[in-house]
Amino acid sequence: MKTYEYVLLVIILILSLCYFIYNNFLNKPKAPERRVVATDSIVELMEAEKLTAAVFFGSQTGTAEDFAYRFSTEAKANFNLTNMVFDLENYDLTDLDNFDRSKLLVFFLATYGEGEPTDNAEAFLQLLEGDDTVFSSGKGIEDTPFEGIRYAIFGLGNHTYEYYNAMAKKVDAAMTRLGATRVGNLGLGDDAAGMLEEDYLQWKDDTLPEIGKLFHLQEVHKEYNPMFEVIEKPEISNTSSTVFLGEPSRQQLKGNVASKAPRSQANPFFSSPVRSLELFKSGSRNCLHLELDIADSGMRYQTGDYASICPMNPSQAVDDLLEVLGLKEKRDTVIIVKPIDTLDKAPVLSPTTYDTVFRYYYEICGIVSRQLLSFIAPFAPTPESKQELEKLGNDYDYFKKNVVDLHLNLAQVLRRVSPDAPFTKLPFSMLLENMAHMKPRYYSISSSSVVHPDKVHVTAVVDKKEWTDKNHIFYGLTTNYLLAHCRHMHGEKIPHPNGLEYTLEGPRKNWTGKIPMFVKKSTFRLAPPDVPIIMVGPGTGVAPFRGFVMERANLASKGVKVAKTLLFYGCQYSDKDFLYKEEWQQYKDVLKDSFELITAFSREQDHKIYVQHRLLEHSDTIAKLVEEGAAFYICGDADHMAKDVVNALASILTTVDVDGMKAVKALRDDNRFFEDTW
C-alpha cells in the first residue's frame, strides 16, 4: 500500500471515529432536568414548581422534620398531592398574604422548653403574632390578610409541661385570627405518653382524606413507589476519600469546616473526655460522670445549659439489622442515594455504605413504628411473616403488647416474625423514607460555667431494662455509648459491661477517644445570688443543681453574699446511689447556713419516701422562701415526680384566700418557676 493510501485510510478512520462520538455522545438529546427555582419566596417557588401544598417544619431535634417528610411522601403516594417540604427559617414568609388560595399550607411544629418555638420557627411565630407586622401587600394583622388560605397543622409536645403543644396552638390561633381556615383537626402529638407515633397516625388518617376532598383527589392504593434510588457502586472502594463513613456534613468530610462556624449536629465539636467516673455500680444500675473539654471549640455555655451528645449505634444492633435484611455481606458496599424527584432532599449523605447508614445516620435501636411494619408486610419472605406483620401494623393493642411494651426495634421484630428467612426483597429506600434519623440527646450540664468555663460535666444513669420472662434486654442508646467511652478511657480490656461494642474511633479513625457534641442553650437559669432558690432534683435530676450550688459556693468563696440555697434530693439508698455525696458537704463548708440539703431515700424503710413528701414536711420553710421571692426549680422524671412535686407545692401555697395551683401559675408568670423534665 502506498503512502497516500495509508494517509487516506487514517483520515477515514478519524472521520468515522468523530462521527461515532458526535452521534452517540455529543448529539445525544439530554434528559429534561428539573431545577428548583432559586428564591426565598414560597409563593414564587410553588408557582414555578406547580406545587399544590407546602409542608413546613419547626424542629429542634429533627423529629418534626421526620414527620413532615413522612407526611409528604404519603400524600404524594396515596393522593398524588404535589408538595415539597420546607424549613421555616429558610424562607421569607412576609408574602404569605399572596399565597394562592387554591393551594395548601401544612405545618409540623415542635414545642421547645417552656412553650417556646424551636429555633428555626421563632421568626415565623413573631411574624404571625407581631402587632406591627406588615405583609407584602401592605396589610396588617387587623386586615385578616390570610382570608381564604387553607392550612393543616400537627404539633409535637409533652403533656407534662404546662404549655403543652404551645407552638402548634399559637400558630393555629394566629392563622385563624389572620383569616385562614384549618383543614381537619388540630393535631396534638404527646411524646410524654409514648403516643407521638399513634397521635400522628390518627391525625394523618383523618386529615389526608379531608385534603383529598378539598382538592378533589381520589385516594389510590398503589404499589410501593420509591422516593429515592439506591445505586450500588461496587467499583468504588469504601476507603475512597469521597465516601461518607459517618461524617456529619460535606464540610466535615472535606476537612474545611470554618473555625467559627456554629456548632450543631451537622458541625459538632469532637470533645476529649478529660475525666470519667462511675458514681455508682449497683446491680444492673450504674451512673456516669464525664468531663468534656471544650476549650478549643469556640463554644461557651451558661450554667443550666444542655450538653447535646451525638451518639452512634452499637455494632451488635448494626450487625443484627444488616443480617435480617440479607445485607451483611454487602455492609461495606458503596451506595449512592438519589431523589427520584429533584424537588426532594436526599435522606443521607452519599456516596456511603450500608453499614454507615445504620451505624451513624439512622435510629435503629428505638421502638419500630407500627406504620413501617405495615409497609414492610408485602415484602415479607413467607406468608406467615407477612400475616404477622399485617396484624402488628393494623392492630394497635396487639402491637403495643408485642412490640411497644418490650421496646423492640426493627431488627428484633423482623427476626421474631421470620427467624430463618431474611427480608431480601425489602427495598432499602423504604427504610430510608420511614425510619427516624439519628438525633442528638440532651443532658443538663452538671457544672458551673463560672467554675469550669472550658469543661462541660455530664451526669447520666446508664439505661438498661430487662424482661427475664421474655429473654429480652433493652439498652439505652446514648448512655451506653458514653459508658463505652468511660471504660475505654480507663483502658479496661472489657470495654462494656453490657457486652456492647462501638466503633469509638469513628470514621477513618478520626474520632478516637472523642465524643461529638455541642452546647444547646436552655431557659433553666440560675437566679441572681441575692434571690433564694428551692431546687427539687431526685436521681440524675440533680445534675443542673450541682452546677447551681457549685456556682453559688464559688461566689461565696469570693465574699459575695448568697441567699438561701435549698436542695431536695432523692435516691434509693444513702450508701448505694447517693450522687456526689461527699461533694455536697464541701459546698456546705463554704456556703454555711445558706445551703441546706434535704434527702429522701425511698427504700431505706418499709414505706416509700420521695422528695414530694420532704417538701410537705418543710412547708413552712418553703412558703416563707416563696414569700421572700424565691425561685422554684424542678428537674427529673416528668410522668410522676414532677406532677407530685407541683401538687405538693400547690398544697403548701394554699391558704384561706389563695388557690395553690393559681399561686404556682403566678410563679410561672413571674418567671420564678422552672421545669426541666423528661
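Any Cβ shown, glycine's included, is placed from N, Cα and C.
Keep in mind that this is a model prediction, so the values were computed, not measured.
Feature annotations, reproduced from Swiss-Prot:
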| type | residues | note |
| --- | --- | --- |
| BINDING | 59-64, 110-113, 156-165, Asp191 | FMN binding site |
| BINDING | Arg285, Thr540, Ser602, Arg603, Lys608, Ile609, Tyr610, Val611, Gln612, Asp644 | NADP(+) binding site |
| BINDING | Arg441, Tyr442, Tyr443, Ser444, Thr459, Ala460, Val461, Gly476, Leu477, Thr478, Thr479, Trp678 | FAD binding site |
| DOMAIN | 53-208 | domain 'Flavodoxin-like' |
| DOMAIN | 267-514 | domain 'FAD-binding FR-type' |
| TOPO_DOM | 1-5 | topological domain 'Lumenal' |
| TOPO_DOM | 27-678 | topological domain 'Cytoplasmic' |
| TRANSMEM | 6-26 | transmembrane segment |
Compare the Cα of Leu477 (FAD binding site) against each of the binding-site residues Ser59, Gly62, Gly113, Asn158, Tyr610 and report the nearest.
Gly62
Given the model, what does the mean pLDDT over the topological domain 'Cytoplasmic' (27-678) come out as?
93
For Val461 (FAD binding site), which of these binding-site residues sit within 10 Å, Cα to Cα: Gly62, Tyr610, Gln612?
none
Please name which of the binding-site residues listed here, Ser59, Asn158, Tyr164, Thr459, Thr479, is nearest in space to Ser602 (NADP(+) binding site), Cα against Cα.
Thr459
Could you measure between Gln612 (NADP(+) binding site) and Gly62 (FMN binding site) for me? Cα positions, answer in whole angstrom.
34
Mind checking which of Ser59, Thr459, Thr479, Ser602, Gln612 has the fewest other CB atoms within 10 A of its CB? They're the binding-site residues.
Ser602
Relative to the Cβ of Tyr164 (FMN binding site), which residues of the same chain, six or more apart in sequence, are found under 8 Å away?
Thr111, Gly157, Asn158, Leu188, Asp190
Relative to the Cα of Tyr610 (NADP(+) binding site), which of the binding-site residues Ser59, Ala110, Thr459 has the closest Cα?
Thr459
For Tyr161 (FMN binding site), name the DSSP secondary structure in the helix/strand/coil scheme.
coil
How would DSSP class Lys608 (NADP(+) binding site) in three states?
coil
Looking at the binding-site residues Arg285, Arg441, Lys608, which sits with the largest number of other Cβ atoms within 10 Å of its Cβ?
Arg441
